[in-house]
Amino acid sequence: MSHEKSFLVSGDSYPPPNPGYPVGPQAPMPPYVQPPYPGAPYPQAAFQPSPYGQPGYPHGPGPYPQGGYPQGPYPQGGYPQGPYPQSPFPPNPYGQPPPFQDPGSPQHGNYQEEGPPSYYDNQDFPSVNWDKSIRQAFIRKVFLVLTLQLSVTLSTVAIFTFVGEVKGFVRANVWTYYVSYAIFFISLIVLSCCGDFRRKHPWNLVALSILTISLSYMVGMIASFYNTEAVIMAVGITTAVCFTVVIFSMQTRYDFTSCMGVLLVSVVVLFIFAILCIFIRNRILEIVYASLGALLFTCFLAVDTQLLLGNKQLSLSPEEYVFAALNLYTDIINIFLYILTIIGRAKE
């Protein structure tokens, strides 16, 4: 049996020694390393090489370079060398983290904006002041026109009440009342329905003057049929009521302009009540009718005052000073006539 066959039969754990080499324990072989691709440097050792370079293996070419990376002081793995980007916020000496910066928002850290922030350019404040000044001028103009109208009416009532000749003339010529009523009605329709006309100066003031003169004549003629004491009392009560309602409408938080629909329905009911009083001549019924009329037009005075002030749901345009004066004037005249009716019927 040959030497190889005896090894297989005996079952020794070591193969037979090759000829020419001593038999005995041998030094461990270094681990097998896969050769790199052609042209690449040898793989690094298990330890980290120092910056000065370690000697390579006997079969390697000198110190080992960094595999696949350029040599240099503290190379960045896989990234190009360059200065680090600066934060948009200056460094904090106390080590606090910088505030969060939205990438889509403009950079404010370098303070390169031109001019103040946008809210300084807001033009709402001058417009608010301008609107307030316009409203105040509108209120002054309306009350000036209203004062002139009431002065004309009060003078006419005083003449028709205290001058006997005038009182006798108007009582003898009742047809003048109907003429003045027709003039008043036409001018009232024109000023109420024709918006362009009542904004056209000076024709709006001309129409308002005609309406004031015709209505003053009517009121003076009605007052001439009552005694002087009743007229003076009605003037005083009307002045007190109107002054109180105007002050209350300026101070209250309640919005009377929201009740416009209810007041219009009440006017229709009052008109039907007036037709009933024409056919049923009763003193108590006339006092009730006059009381309801005075109350209704007192509410209208409150509504028109708030429309004039413009601080509630509905308001008048500053161009409608003629229309505002017309509303207040007719409200006050109707309150005076209803109060005069109440006093006159109560004294009978």
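Just so it is clear, glycine is given a Cβ too, placed from its N, Cα and C backbone atoms.
Features reported for this protein in Swiss-Prot:
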- 14-41: compositional bias 'Pro residues' (COMPBIAS)
- 42-57: compositional bias 'Low complexity' (COMPBIAS)
- 82-101: compositional bias 'Pro residues' (COMPBIAS)
- 1-118: region 'Disordered' (REGION)
- 142-162: transmembrane segment (TRANSMEM)
- 174-194: transmembrane segment (TRANSMEM)
- 205-225: transmembrane segment (TRANSMEM)
- 230-250: transmembrane segment (TRANSMEM)
- 260-280: transmembrane segment (TRANSMEM)
- 284-304: transmembrane segment (TRANSMEM)
- 323-343: transmembrane segment (TRANSMEM)
Beyond the flanks of the transmembrane segment (230-250) by at least 6 residues, Cβ under 8 Å: 154, 157, 161, 223, 256, 298, 301-302, 305-306, 309, 332, 335-336, 339-340, 343-344, 347
For the transmembrane segment (142-162): best-contacting stretch of 174-194, 205-225, 260-280, by Cβ pairs under 8 Å: 205-225
